[in-house]
Amino acid sequence: MENIRNFSIIAHVDHGKSTLADRLIEFCGAITDREKKDQMLDTLDIERERGITIKLQAVKINYHSKIQNKDFTLHLIDTPGHVDFSYEVSRSLAACEGALLLIDASQGIEAQTVANFWKAVEQNLVIIPVINKIDLPAADPDRIKLQIRDILGLDPDEAILASAKEGIGIEEILEAITKRIPPPKGDENAPLKALIFDSYYDPYRGAVAFVRIFDGSLKVGDRIKLFSTGKEFEVTEVGAQTPKMTKLPILKAGDVGYIAASIKDVRDIRVGDTITLKSNPTKEAIPGFKTAKPMVFAGLYPTEDSDFEELRDALEKYSINDAAITYEPETSPAIGMGFRCGFLGLLHMEIVQERLSREYNIDVITTAPSVVYRLKLKNRSDILEVKSSNDIPDNFGLIEYIEEPYVLATIITPKDYVGNIINICQDKRGIQVKFSYLDQNTALLEYEMPLQEIIVDFHDKIKSASKGYASFDYEFLGYKESDLVKLTIMINKEPVDALSFLVHKDKAYRKARALVEQLKETIPRQLFEINVQAAIGSKIIASERIPPMRANVTAKCYGGDISRKRKLLEKQKEGKKRMKQFGKVSLPQEAFLSVLKAQ
């Protein structure tokens, strides 16, 4: 165990984390030249295309230090950098003793750098700052060193200058890992205690768990027990990734590896759970386990009603690999049958949609995303959790109060754009908690904001207001009471449930106006008149009329009597009236997206 080092790399999106991981693996000769490719640890196509890491990976590398003349076993645990997956980051850090904090030499410290840094500090990890991309023309390592000192309180002289792309400073990083990060503590003879920090589904092995062994050892044939559910399985394979899956005879205390135990469902092996042996169980679980709670909900509907079963199969198969997604069937009078799905955040939702269409060839209509509201009814003592605005009664007199989820948003921006950012945050009902300067050019703002205001276009607005320089991260705070009303959209007096949503009272009129105008543009004209109305309860607060397409029925009258023309026009009017009574308006997907734009 003296020669084992467990570490992870934490960084803001796009600071070069996956490239650095590739260089470390290459330097230690863990792969041949033939197997080289960019982003080796990003296994999904979508991760490569977007250049983001979604799934965690854990790689075992053997490193021979020429300076110390010693052999080391390094376990690199790669973490996703995106805010939606922050729970996964905290679990992977719990499996390590140290972390490389990667900072882009031209961008400097950004919001997720700070968020992930504090997560590492909470786990008492040894942090090695690495200033990456020093080969860029815009690199300014001295400014970054000052930021490291002032913002993070670390010794700037300990920062390593590197360029993962050019391979500069790689050996220095490896030496720092072996010298500064302590070896893992643990007792091989104690009862087994192992932390699951990731899992995925393999068609041949079943669900595979990536684990860090804290105490004891694990080999094929052992009967394991999971702490949170009490379920038991027999281990069929243990091993490590060297980036390829390699079988090993045993995993001992301090090791990081994978186990397979013919587990049928990924939901049985939850990230953060503790594994122990049935015959000799450990007394206490590793602290910090919680089930990932979906924060954002949206309806997924197949474009063709006949594809409903295919969508169900696709969601079932997909959720085997992604334990964070939840789904339940729901029916909408406007769109038909579909599913109400819960996601960790907006990026997670986009990824699920993209992977459904890519891996299962299914096109879906997505309704506007919403959050989980809590409401207290006057005639009931309990508090209801509501995932869709359709579950909220139209009669607001029955409701005592509504609570919505709030988050603490951290924004780091160049000082020139502070005014723009403050305006956006105030428009989104933000309450300023903190405002400080990190250095002469960079400001940090903290706002308490409703999650509903963030999930639609907040990220895009902040990026465009700061020419792409501002970065943003958020964490869940809790629920607060809000003055919300339900905005119902009616088309020819028929409420369309998929277009209704909750909105703050002060913004109701503005949003209703924007939405009916948007719908007027997107709904195609029919042969009869269409009325689009927005209502709060029984009060109509905005309406638009889409005129009918009409044939010129008086074209055949040459001159002649006015009463003849009037008769033809009256007849046409009667026909249109009848059509309006029985005609159905079909809504295009753009109509649902216009709800987003109005929000």
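Cβ coordinates are placed from backbone N, Cα and C, and glycine is handled just like the others.
The GTP binding site annotation in Swiss-Prot covers Asp14, His15, Gly16, Lys17, Ser18, Thr19, Asn132, Lys133, Ile134, Asp135. Per Swiss-Prot, domain 'tr-type G' is recorded for 2-185.
Mapped onto this structure are the features recorded in Swiss-Prot.
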residue : record           : Cβ neighbours (10 Å)
Asp14   : GTP binding site : 14
Gly16   : GTP binding site : 22
Ser18   : GTP binding site : 24
Asn132  : GTP binding site : 31
Ile134  : GTP binding site : 19
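Per the record's binding annotation for GTP, residues Asp14, His15, Gly16, Lys17, Ser18, Thr19, Asn132, Lys133, Ile134, Asp135 show a top Cα-Cα distance of 17 Å.
In three-state terms derived from DSSP, Asn132 (GTP binding site) belongs to an extended strand segment.
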